[in-house]
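Asker: Pulled from TrEMBL, these are the listed features:
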ACT_SITE  H37  active site, proton donor
BINDING   30-37, 147-150, V180, 188-191  ATP binding site
BINDING   Q61, Q153  (R)-pantoate binding site
BINDING   Q61  beta-alanine binding site
Amino acid sequence: MQTVSTLEMLRKSLAGLREQGATIGLVPTMGALHEGHLTLIREAKSACDHVIASIFVNPTQFGPNEDLDAYPRQLAEDSAMLEGEGVSLLWAPTVEAMYPDGFATSISVTGVSEGFCGADRPGHFDGVATVVCKLFNQVMPDKAFFGEKDYQQLAVIRTMARDLGLTAPHVSNIIGVPTVREADGLAMSSRNRYLSPEQREAAATLPRAMREAIARIEDGADVTRTLAALEDELLGEGFDRVDYADLADARSLARLTELGDSTGRLLVAARIGGTRLIDNMAVGKN
Ligand SMILES: Nc1ncnc2c1ncn2[C@@H]1O[C@H](COP(=O)(O)OP(=O)(O)OP(=O)(O)O)[C@@H](O)[C@H]1O
Ligand SMILES: CC(C)(CO)[C@@H](O)C(=O)[O-]
Ligand code: BAL
């Protein structure tokens, strides 16, 4: 596996990989890799001739009081994991390579980026859309792979790709991969490592309480009351704050107050200590 950190090196390596019409799958990450990321890599590997992974802790998607400085950085360990998975190329740009002096452009996707994490993290999805658009332009992959764990992010990226008419990758080649979970159901996330042992144990309440709420909603329980009970349960089990717990249309992310015939998604963000955890699950006939 080659590791490149400048655009010039990336272009040279890409030219080599593209020989004889090989297909390229891109897996964008912020590093601190776990089985969730490796599952995206394996999906990409089974669908494309070459996999390119990127590692870039993107400053523009962090708010001023968020964890940009604390975010785990472990390039050597991550490289070894990617090499073990048969990744062809690691794109690990510097901040200067991605955001040269005078960088003045931002991509803003309205609508789907506005509620949920978009409401709690102003500017976050502008930063994500801008960096992902840059990664797409730099690598021009045939397919790109993202986790459903970041469900709203996936919707924002698909909307951007459709609206800008991106051809590489075309919106139908933006592949969503189901959330990979720990044995107790907690969605894997680089931020889980911020949790103390007690907080980690309490964190498993999140997926369990979500599954119970979904079963009740699918049985016809009142959505608003069920979600209020879900919030109370999280607060009672060690969470400090629930940023949101909402039922939404699975495609548009418009909030639903009843399931009806909709294809629904339960989305939750909740904080435990200083750590913000997110999760989402299908509701009804998906
Ligand atoms: N548990 C998971 N299952 C499937 N995909 C995942 C999982 N965790 C992360 N991903 C995906 O991996 C890609 C890179 O994510 P990222 O590097 O931010 O990791 P993360 O674990 O989500 O970190 P964070 O703690 O910052 O949310 C994204 O497409 C994300 O959705
Ligand atoms: C897609 C992404 C790599 C953009 O920085 C990031 O938001 C992530 O890791 O989910
Ligand atoms: N996995 C999403 C990246 C972020 O929270 O900034």
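Backbone N, Cα and C define each Cβ position, glycine as well.
Note that TrEMBL annotation is computational and uncurated.
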Asker: Do you know offhand how many angstrom separate V180 (ATP binding site) and Q153 ((R)-pantoate binding site) by C-alpha?
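Answerer: Pair distance, Cα basis, whole Å: 16 Å.
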Asker: Ligand 2: which of the recorded positions G36, H37, E148, V180, S190 have a Cβ closer than 6 angstroms to it?
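Answerer: Among the recorded positions listed, not one has its Cβ under 6 Å from ligand 2.
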Asker: Relative to ligand 1, which of the binding-site residues L33, Q61, V180 have a Cβ found under 6 Å from one of its atoms?
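Answerer: Once distances to ligand 1 are taken from each Cβ, V180 fall under 6 Å.
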Asker: Which recorded positions from the list L33, G36, H37, Q61, V180, S190 come close to ligand 3, meaning a Cβ under 6 Å from one of its atoms?
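Answerer: What lies within reach of ligand 3, judged by Cβ under 6 Å, is Q61.
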Asker: Looking only at C-alpha atoms, tell me how far E148 (ATP binding site) is from H37 (active site, proton donor), rounded to the nearest Å.
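Answerer: Taking the Cα atoms only, E148 (ATP binding site) lies 11 Å from H37 (active site, proton donor).
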Asker: Excluding near sequence neighbours, so keeping only residues 6 or more apart in the same chain, what lies with its CB under 8 A of L33 (ATP binding site)?
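Answerer: Same-chain residues close to L33 (ATP binding site) (Cβ under 8 Å, separated by 6 or more) are E77, D78, M81, L82, S190.
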Asker: Give the three-state DSSP assignment (helix, strand or coil) for V180 (ATP binding site).
Answerer: coil
Asker: Taking the Cβ of Q153 ((R)-pantoate binding site) as reference, which residues of that chain separated by at least 6 in sequence fall under 8 Å from it?
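Answerer: C117, F125, V128, F146 - these are the non-local Cβ neighbours of Q153 ((R)-pantoate binding site), listed in sequence order.
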Asker: Distance between M30 (ATP binding site) and Q61 ((R)-pantoate binding site) at the Cα atoms, whole Å?
Answerer: 11
Asker: Specify the count of other C-beta atoms within 10 Å of the C-beta of S190 (ATP binding site).
Answerer: 18
